[in-house]
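A.B. asks: Can you read through this structure? Questions will come right after.
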Amino acid sequence: MQDRFQRHINYLRISLTDRCNLRCAYCMPPEGIQWLPHNEILTIEEILAVVKAGVEVGIRKVRLTGGEPLVRRGIVDLIKRLNDIPEIDDIALTTNGMLLGAMASDLKSAGLKRVNVSLDTLNPIRFQRITRYGNLEIVMCSIDTALEYGLEPVKINTVAMRGFNDDELVDLARLTLEKPLHVRFIELMPIGTSDDWSHIRFISSQEIRELISKSLGNLEDVKKVTGSGPARYYRISGALGTIGFISAVSNHFCATCNRMRLTASGQLRPCLFSGREVDLKQVLRSGAGHDELVCIFKEAIMSKPNSHDLTASWEKDDRIMSQIGG
Ligand SMILES: Nc1nc2c(ncn2[C@@H]2O[C@H](COP(=O)(O)OP(=O)(O)OP(=O)(O)O)[C@@H](O)[C@H]2O)c(=O)[nH]1
Ligand SMILES: C[S@@+](CC[C@H](N)C(=O)[O-])C[C@H]1O[C@@H](n2cnc3c(N)ncnc32)[C@H](O)[C@@H]1O
Ligand code: SF4
Ligand code: SF4
(Lines of atoms letter the chains of each structure in order from A and count residues from 1; the text may use other names and numbers.)
(Lines give C-alpha, C1' and ligand atoms only; values in the text may rest on other atoms or scores of the structure.)
(Ligands and ions follow the chains in the order given, each with its own letter.)
Protein backbone atom coordinates (compact mmCIF):
# COMPACT_ATOMS: atom_id res chain seq x y z
CA MET A 1 0.00 0.00 0.00
CA GLN A 2 0.97 3.65 -0.28
CA ASP A 3 1.75 5.78 2.73
CA ARG A 4 0.80 9.44 3.21
CA PHE A 5 3.68 10.50 0.95
CA GLN A 6 2.76 8.23 -1.97
CA ARG A 7 5.58 5.82 -1.20
CA HIS A 8 4.89 2.21 -2.06
CA ILE A 9 5.59 0.12 1.06
CA ASN A 10 6.36 -3.51 0.22
CA TYR A 11 9.46 -4.43 2.26
CA LEU A 12 9.64 -5.67 5.87
CA ARG A 13 12.98 -5.91 7.66
CA ILE A 14 12.70 -8.41 10.51
CA SER A 15 15.20 -8.39 13.36
CA LEU A 16 15.34 -11.97 14.63
CA THR A 17 17.48 -11.23 17.67
CA ASP A 18 19.40 -8.44 19.35
CA ARG A 19 22.21 -10.94 20.10
CA CYS A 20 25.38 -11.24 18.10
CA ASN A 21 28.49 -13.42 17.98
CA LEU A 22 30.63 -10.36 17.09
CA ARG A 23 31.08 -6.92 18.66
CA CYS A 24 31.87 -4.57 15.81
CA ALA A 25 33.48 -1.49 17.32
CA TYR A 26 31.07 0.96 15.63
CA CYS A 27 28.02 -1.09 16.56
CA MET A 28 28.42 -2.59 20.05
CA PRO A 29 30.52 -2.15 23.18
CA PRO A 30 33.06 -4.95 23.87
CA GLU A 31 30.96 -6.40 26.68
CA GLY A 32 27.86 -6.53 24.45
CA ILE A 33 24.57 -5.00 25.49
CA GLN A 34 21.91 -6.11 27.94
CA TRP A 35 20.34 -8.86 25.78
CA LEU A 36 16.59 -9.15 25.77
CA PRO A 37 15.31 -12.12 27.81
CA HIS A 38 14.08 -14.95 25.55
CA ASN A 39 10.43 -14.44 26.45
CA GLU A 40 10.60 -10.85 25.23
CA ILE A 41 11.64 -11.92 21.75
CA LEU A 42 8.91 -12.72 19.26
CA THR A 43 8.47 -16.43 18.65
CA ILE A 44 8.61 -17.86 15.13
CA GLU A 45 4.80 -18.21 15.17
CA GLU A 46 4.39 -14.57 16.18
CA ILE A 47 6.76 -13.38 13.46
CA LEU A 48 4.77 -15.35 10.90
CA ALA A 49 1.52 -13.83 12.15
CA VAL A 50 2.98 -10.34 11.63
CA VAL A 51 4.24 -11.19 8.14
CA LYS A 52 0.83 -12.59 7.17
CA ALA A 53 -0.77 -9.34 8.32
CA GLY A 54 1.89 -7.40 6.38
CA VAL A 55 1.10 -9.37 3.24
CA GLU A 56 -2.49 -8.05 3.36
CA VAL A 57 -1.20 -4.48 3.17
CA GLY A 58 1.28 -5.16 0.40
CA ILE A 59 4.45 -6.61 1.97
CA ARG A 60 6.14 -8.79 -0.66
CA LYS A 61 9.81 -8.79 0.43
CA VAL A 62 11.31 -9.70 3.76
CA ARG A 63 14.84 -9.38 5.05
CA LEU A 64 16.06 -11.22 8.14
CA THR A 65 18.58 -9.23 10.16
CA GLY A 66 19.51 -8.45 13.74
CA GLY A 67 21.81 -8.58 15.75
CA GLU A 68 23.13 -11.62 13.98
CA PRO A 69 20.16 -13.49 12.47
CA LEU A 70 22.08 -16.76 12.11
CA VAL A 71 22.44 -17.14 15.90
CA ARG A 72 18.65 -17.28 16.18
CA ARG A 73 17.39 -20.81 16.69
CA GLY A 74 14.63 -21.76 14.28
CA ILE A 75 15.77 -19.53 11.43
CA VAL A 76 15.75 -22.36 8.86
CA ASP A 77 12.20 -23.32 9.83
CA LEU A 78 11.14 -19.68 9.68
CA ILE A 79 12.52 -19.33 6.15
CA LYS A 80 10.70 -22.49 5.05
CA ARG A 81 7.44 -21.12 6.37
CA LEU A 82 7.99 -17.68 4.88
CA ASN A 83 8.66 -19.42 1.59
CA ASP A 84 5.27 -21.12 1.89
CA ILE A 85 3.51 -17.74 1.85
CA PRO A 86 2.77 -17.34 -1.89
CA GLU A 87 2.74 -13.53 -1.89
CA ILE A 88 6.29 -13.26 -0.51
CA ASP A 89 8.59 -13.12 -3.54
CA ASP A 90 11.93 -12.22 -1.94
CA ILE A 91 13.50 -13.61 1.24
CA ALA A 92 16.92 -12.12 2.00
CA LEU A 93 19.38 -12.16 4.89
CA THR A 94 21.92 -9.66 6.22
CA THR A 95 24.71 -11.43 8.12
CA ASN A 96 28.24 -11.02 9.42
CA GLY A 97 29.10 -14.26 7.60
CA MET A 98 30.66 -16.19 10.50
CA LEU A 99 28.03 -18.97 10.44
CA LEU A 100 26.93 -18.60 6.84
CA GLY A 101 29.28 -21.15 5.24
CA ALA A 102 28.08 -23.94 7.52
CA MET A 103 24.41 -23.02 7.12
CA ALA A 104 24.28 -22.01 3.44
CA SER A 105 23.01 -25.35 2.17
CA ASP A 106 20.13 -25.53 4.69
CA LEU A 107 19.25 -21.89 4.16
CA LYS A 108 19.12 -22.31 0.39
CA SER A 109 17.00 -25.47 0.62
CA ALA A 110 14.60 -23.70 2.96
CA GLY A 111 13.99 -20.99 0.37
CA LEU A 112 16.41 -18.18 1.18
CA LYS A 113 16.98 -16.26 -2.06
CA ARG A 114 20.01 -14.08 -1.35
CA VAL A 115 22.46 -12.74 1.23
CA ASN A 116 24.19 -9.49 2.11
CA VAL A 117 27.44 -10.06 4.02
CA SER A 118 29.21 -7.41 6.08
CA LEU A 119 32.92 -7.01 5.37
CA ASP A 120 34.78 -3.84 6.34
CA THR A 121 38.37 -4.86 5.62
CA LEU A 122 40.47 -7.43 3.76
CA ASN A 123 43.22 -7.34 6.37
CA PRO A 124 42.92 -10.19 8.94
CA ILE A 125 44.36 -8.15 11.82
CA ARG A 126 42.12 -5.19 11.13
CA PHE A 127 39.20 -7.56 10.72
CA GLN A 128 39.72 -8.91 14.20
CA ARG A 129 40.21 -5.41 15.55
CA ILE A 130 36.93 -4.09 14.13
CA THR A 131 34.77 -7.18 14.83
CA ARG A 132 36.61 -8.17 18.05
CA TYR A 133 35.74 -11.89 17.65
CA GLY A 134 35.61 -12.30 13.90
CA ASN A 135 37.78 -14.33 11.55
CA LEU A 136 38.34 -12.97 8.06
CA GLU A 137 39.16 -16.33 6.49
CA ILE A 138 35.88 -17.83 7.66
CA VAL A 139 33.89 -14.91 6.27
CA MET A 140 35.70 -14.97 2.90
CA CYS A 141 34.95 -18.72 2.64
CA SER A 142 31.32 -18.04 3.51
CA ILE A 143 31.09 -15.52 0.68
CA ASP A 144 32.39 -18.12 -1.79
CA THR A 145 30.00 -20.73 -0.39
CA ALA A 146 27.08 -18.33 -0.81
CA LEU A 147 28.06 -17.88 -4.47
CA GLU A 148 28.38 -21.64 -4.93
CA TYR A 149 24.90 -22.24 -3.54
CA GLY A 150 23.44 -19.48 -5.71
CA LEU A 151 22.32 -17.25 -2.84
CA GLU A 152 22.56 -14.45 -5.37
CA PRO A 153 23.05 -11.62 -5.83
CA VAL A 154 25.64 -11.75 -3.05
CA LYS A 155 26.14 -8.23 -1.75
CA ILE A 156 28.95 -7.05 0.49
CA ASN A 157 28.24 -4.29 3.02
CA THR A 158 31.30 -2.19 3.80
CA VAL A 159 31.05 0.69 6.25
CA ALA A 160 33.64 3.27 5.15
CA MET A 161 35.65 4.66 8.08
CA ARG A 162 38.40 7.23 7.90
CA GLY A 163 41.63 6.07 9.48
CA PHE A 164 40.40 2.47 9.48
CA ASN A 165 39.70 1.26 5.94
CA ASP A 166 39.99 4.35 3.72
CA ASP A 167 43.24 2.96 2.30
CA GLU A 168 41.45 -0.31 1.36
CA LEU A 169 38.31 0.91 -0.35
CA VAL A 170 39.85 0.53 -3.79
CA ASP A 171 40.92 -3.05 -3.00
CA LEU A 172 37.42 -3.84 -1.78
CA ALA A 173 36.02 -2.40 -5.02
CA ARG A 174 38.46 -4.63 -6.94
CA LEU A 175 36.65 -7.71 -5.55
CA THR A 176 33.99 -7.01 -8.18
CA LEU A 177 36.45 -7.49 -11.03
CA GLU A 178 36.78 -11.24 -10.68
CA LYS A 179 33.69 -12.34 -8.80
CA PRO A 180 30.03 -11.48 -9.32
CA LEU A 181 29.90 -9.61 -6.02
CA HIS A 182 28.10 -6.33 -5.36
CA VAL A 183 30.25 -4.32 -2.99
CA ARG A 184 28.27 -1.53 -1.30
CA PHE A 185 29.96 1.27 0.59
CA ILE A 186 27.83 2.49 3.49
CA GLU A 187 28.23 5.88 5.09
CA LEU A 188 28.93 5.58 8.81
CA MET A 189 25.80 6.58 10.69
CA PRO A 190 25.80 8.28 14.10
CA ILE A 191 24.08 5.49 15.98
CA GLY A 192 26.91 3.40 17.39
CA THR A 193 28.12 3.14 20.93
CA SER A 194 31.56 4.62 20.79
CA ASP A 195 32.81 8.14 20.11
CA ASP A 196 35.91 6.62 18.49
CA TRP A 197 33.67 5.37 15.69
CA SER A 198 31.48 8.38 15.16
CA HIS A 199 31.36 11.35 12.79
CA ILE A 200 35.13 11.90 12.96
CA ARG A 201 35.49 8.78 10.79
CA PHE A 202 32.73 9.64 8.36
CA ILE A 203 33.56 9.48 4.63
CA SER A 204 30.94 10.54 2.10
CA SER A 205 29.88 8.36 -0.82
CA GLN A 206 31.08 11.04 -3.20
CA GLU A 207 34.59 10.94 -1.75
CA ILE A 208 34.69 7.15 -2.03
CA ARG A 209 33.46 7.28 -5.61
CA GLU A 210 36.15 9.73 -6.57
CA LEU A 211 38.79 7.64 -4.86
CA ILE A 212 37.71 4.50 -6.72
CA SER A 213 37.35 6.06 -10.15
CA LYS A 214 40.77 7.73 -9.79
CA SER A 215 42.35 4.28 -9.38
CA LEU A 216 40.06 2.00 -11.38
CA GLY A 217 38.68 4.27 -14.09
CA ASN A 218 35.25 5.57 -14.98
CA LEU A 219 32.28 4.00 -13.18
CA GLU A 220 29.43 3.04 -15.49
CA ASP A 221 25.86 3.50 -14.27
CA VAL A 222 24.01 0.25 -13.53
CA LYS A 223 20.24 0.43 -13.64
CA LYS A 224 19.22 -2.38 -11.36
CA VAL A 225 20.68 -5.06 -9.12
CA THR A 226 18.02 -7.30 -7.60
CA GLY A 227 17.06 -5.79 -4.28
CA SER A 228 14.81 -3.46 -2.40
CA GLY A 229 17.29 -1.18 -0.72
CA PRO A 230 18.56 2.32 -1.32
CA ALA A 231 21.98 1.63 -2.87
CA ARG A 232 22.96 3.26 -6.18
CA TYR A 233 25.03 0.95 -8.37
CA TYR A 234 27.95 1.38 -10.78
CA ARG A 235 30.33 -0.93 -12.61
CA ILE A 236 34.05 -0.80 -13.23
CA SER A 237 34.49 -1.42 -16.93
CA GLY A 238 34.55 -5.19 -17.60
CA ALA A 239 33.79 -6.17 -13.98
CA LEU A 240 31.62 -9.19 -13.13
CA GLY A 241 30.03 -7.44 -10.16
CA THR A 242 29.04 -3.91 -9.24
CA ILE A 243 29.86 -1.20 -6.74
CA GLY A 244 27.07 0.41 -4.75
CA PHE A 245 26.75 3.40 -2.46
CA ILE A 246 24.40 3.73 0.48
CA SER A 247 24.44 7.44 1.28
CA ALA A 248 22.29 7.38 4.40
CA VAL A 249 23.83 10.58 5.72
CA SER A 250 24.92 12.76 2.81
CA ASN A 251 21.98 12.11 0.54
CA HIS A 252 19.20 10.36 2.36
CA PHE A 253 16.82 8.28 0.29
CA CYS A 254 13.67 8.81 2.33
CA ALA A 255 11.64 9.99 -0.68
CA THR A 256 11.76 6.45 -2.07
CA CYS A 257 11.64 4.60 1.26
CA ASN A 258 9.69 1.36 0.87
CA ARG A 259 10.17 -0.32 4.24
CA MET A 260 8.87 -1.10 7.69
CA ARG A 261 10.83 -2.78 10.47
CA LEU A 262 9.90 -5.38 13.03
CA THR A 263 12.27 -5.33 16.02
CA ALA A 264 13.24 -8.50 17.85
CA SER A 265 11.05 -7.46 20.76
CA GLY A 266 8.04 -7.16 18.49
CA GLN A 267 7.83 -3.43 17.87
CA LEU A 268 6.65 -2.40 14.44
CA ARG A 269 8.84 0.54 13.53
CA PRO A 270 7.99 2.79 10.60
CA CYS A 271 11.40 4.51 10.38
CA LEU A 272 14.94 3.49 11.33
CA PHE A 273 15.66 6.88 12.84
CA SER A 274 12.38 7.72 14.49
CA GLY A 275 11.63 6.28 17.93
CA ARG A 276 7.93 5.84 17.13
CA GLU A 277 6.96 2.17 17.42
CA VAL A 278 3.82 0.10 17.79
CA ASP A 279 3.99 -2.71 20.35
CA LEU A 280 2.81 -5.70 18.33
CA LYS A 281 4.08 -8.19 20.87
CA GLN A 282 1.61 -6.94 23.43
CA VAL A 283 -1.15 -6.93 20.83
CA LEU A 284 -0.30 -10.49 19.79
CA ARG A 285 -0.04 -11.75 23.36
CA SER A 286 -3.32 -10.21 24.35
CA GLY A 287 -5.00 -12.48 21.81
CA ALA A 288 -5.42 -10.18 18.81
CA GLY A 289 -6.52 -11.87 15.62
CA HIS A 290 -5.37 -11.44 12.01
CA ASP A 291 -7.80 -8.60 11.18
CA GLU A 292 -6.71 -6.54 14.15
CA LEU A 293 -3.05 -6.99 13.20
CA VAL A 294 -3.80 -5.93 9.63
CA CYS A 295 -5.47 -2.74 10.91
CA ILE A 296 -2.53 -1.91 13.15
CA PHE A 297 -0.05 -2.57 10.34
CA LYS A 298 -2.01 -0.21 8.08
CA GLU A 299 -2.02 2.52 10.72
CA ALA A 300 1.72 2.12 11.27
CA ILE A 301 2.38 2.53 7.53
CA MET A 302 0.26 5.67 7.52
CA SER A 303 2.36 7.06 10.37
CA LYS A 304 5.67 6.75 8.51
CA PRO A 305 7.51 10.07 8.66
CA ASN A 306 8.34 11.91 5.47
CA SER A 307 12.07 11.77 6.10
CA HIS A 308 14.76 11.85 8.68
CA ASP A 309 17.74 14.10 8.22
CA LEU A 310 20.77 12.54 9.88
CA THR A 311 22.90 15.63 9.36
CA ALA A 312 20.47 17.50 11.59
CA SER A 313 20.70 15.00 14.45
CA TRP A 314 24.30 14.02 14.54
CA GLU A 315 24.31 13.70 18.33
CA LYS A 316 24.79 10.26 19.76
CA ASP A 317 21.61 8.22 20.09
CA ASP A 318 20.88 5.61 22.77
CA ARG A 319 19.62 3.13 20.23
CA ILE A 320 22.04 1.07 18.21
CA MET A 321 21.60 -0.77 14.93
CA SER A 322 21.59 -4.25 16.42
CA GLN A 323 18.74 -3.32 18.77
CA ILE A 324 16.60 -1.76 16.06
CA GLY A 325 17.47 -4.24 13.32
CA GLY A 326 20.05 -2.61 11.09
N1 LIG B 1 18.94 5.39 6.55
C2 LIG B 1 18.62 4.14 6.30
N3 LIG B 1 19.59 3.25 6.09
C4 LIG B 1 19.24 1.99 5.81
C5 LIG B 1 17.91 1.59 5.76
N6 LIG B 1 17.87 0.27 5.46
C7 LIG B 1 19.12 -0.12 5.33
N8 LIG B 1 19.97 0.92 5.54
C9 LIG B 1 21.42 0.88 5.49
O10 LIG B 1 21.79 0.07 4.43
C11 LIG B 1 22.60 -0.98 4.92
C12 LIG B 1 22.43 -2.22 4.05
O13 LIG B 1 21.22 -2.80 4.29
P14 LIG B 1 20.95 -4.32 3.99
O15 LIG B 1 20.45 -4.97 5.22
O16 LIG B 1 22.14 -4.94 3.39
O17 LIG B 1 19.77 -4.31 2.98
P18 LIG B 1 19.28 -3.43 1.75
O19 LIG B 1 20.40 -2.63 1.20
O20 LIG B 1 18.06 -2.73 2.20
O21 LIG B 1 18.84 -4.55 0.79
P22 LIG B 1 18.78 -4.92 -0.74
O23 LIG B 1 19.07 -3.71 -1.58
O24 LIG B 1 17.39 -5.43 -0.88
O25 LIG B 1 19.77 -5.99 -0.94
C26 LIG B 1 22.16 -1.17 6.34
O27 LIG B 1 23.14 -1.75 7.10
C28 LIG B 1 21.97 0.24 6.75
O29 LIG B 1 23.26 0.77 7.04
C30 LIG B 1 16.91 2.56 6.01
O31 LIG B 1 15.73 2.29 6.00
N32 LIG B 1 17.31 3.82 6.28
C1 LIG C 1 23.39 -4.15 12.45
S2 LIG C 1 24.07 -5.29 11.29
C3 LIG C 1 22.93 -6.66 11.47
C4 LIG C 1 23.21 -7.83 10.58
C5 LIG C 1 24.53 -8.56 10.78
N6 LIG C 1 24.91 -8.73 12.13
C7 LIG C 1 25.63 -7.90 9.98
O8 LIG C 1 26.57 -7.37 10.57
O9 LIG C 1 25.51 -7.90 8.75
C10 LIG C 1 23.56 -4.70 9.68
C11 LIG C 1 24.47 -3.72 9.02
O12 LIG C 1 24.48 -2.51 9.75
C13 LIG C 1 25.74 -1.92 9.58
N14 LIG C 1 25.95 -0.93 10.64
C15 LIG C 1 25.96 -1.14 11.98
N16 LIG C 1 26.20 0.02 12.64
C17 LIG C 1 26.34 0.97 11.67
C18 LIG C 1 26.60 2.37 11.68
N19 LIG C 1 26.78 3.03 12.81
N20 LIG C 1 26.68 3.02 10.49
C21 LIG C 1 26.49 2.36 9.32
N22 LIG C 1 26.23 1.04 9.25
C23 LIG C 1 26.17 0.36 10.39
C24 LIG C 1 26.68 -3.10 9.67
O25 LIG C 1 27.94 -2.85 9.10
C26 LIG C 1 25.92 -4.16 8.89
O27 LIG C 1 26.30 -4.14 7.53
S1 SF4 D 1 27.37 -4.95 12.81
FE2 SF4 D 1 26.32 -6.91 12.82
S3 SF4 D 1 28.01 -8.32 13.31
FE4 SF4 D 1 28.74 -6.36 13.90
S5 SF4 D 1 28.21 -6.19 16.08
FE6 SF4 D 1 26.58 -5.21 14.89
S7 SF4 D 1 25.06 -6.79 14.69
FE8 SF4 D 1 26.98 -7.81 15.22
S1 SF4 E 1 15.51 7.24 7.54
FE2 SF4 E 1 13.40 6.48 7.79
S3 SF4 E 1 12.21 7.35 6.09
FE4 SF4 E 1 14.40 7.62 5.58
S5 SF4 E 1 14.93 5.82 4.36
FE6 SF4 E 1 15.43 5.25 6.47
S7 SF4 E 1 13.58 4.28 7.30
FE8 SF4 E 1 12.99 5.35 5.40
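Using the three backbone atoms N, Cα and C, a Cβ is placed for every residue, glycine included.
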A.B. asks: Say TrEMBL lists ARG13, THR94, LYS155, ARG259, MET260, ARG261 as binding GTP: which of ARG63, ARG126, ARG232 is in the same site, per that record?
C.D. replies: ARG63
A.B. asks: So, three-state DSSP: helix, strand or coil for SER118 (S-adenosyl-L-methionine binding site)?
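C.D. replies: Note: SER118 (S-adenosyl-L-methionine binding site) is in a strand by DSSP.
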A.B. asks: I'd like the number of other C-beta atoms within 10 A of the C-beta of ARG259 (GTP binding site), please.
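C.D. replies: Total other Cβ atoms inside 10 Å, all chains included: 21.
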A.B. asks: Across all chains shown, how many C-beta atoms besides its own are within 10 angstroms of the C-beta of GLY67 (S-adenosyl-L-methionine binding site)?
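C.D. replies: GLY67 (S-adenosyl-L-methionine binding site): 29 neighbouring Cβ atoms within 10 Å.
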A.B. asks: Give the subset of the binding-site residues ARG13, ARG63, SER118, ARG259 lying near ligand 2, defined as CB under 6 A from any of its atoms.
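C.D. replies: Within range of ligand 2: SER118.
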A.B. asks: Please check each of the binding-site residues CYS27, GLY67, MET260 and report the ones with a CB atom less than 6 Å from an atom of ligand 3, ordered along the sequence.
C.D. replies: CYS27, GLY67
A.B. asks: What whole-number Å value do you get for the CA-CA distance of ARG261 (GTP binding site) and MET189 (S-adenosyl-L-methionine binding site)?
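C.D. replies: Cα-Cα, rounded: 18 Å.
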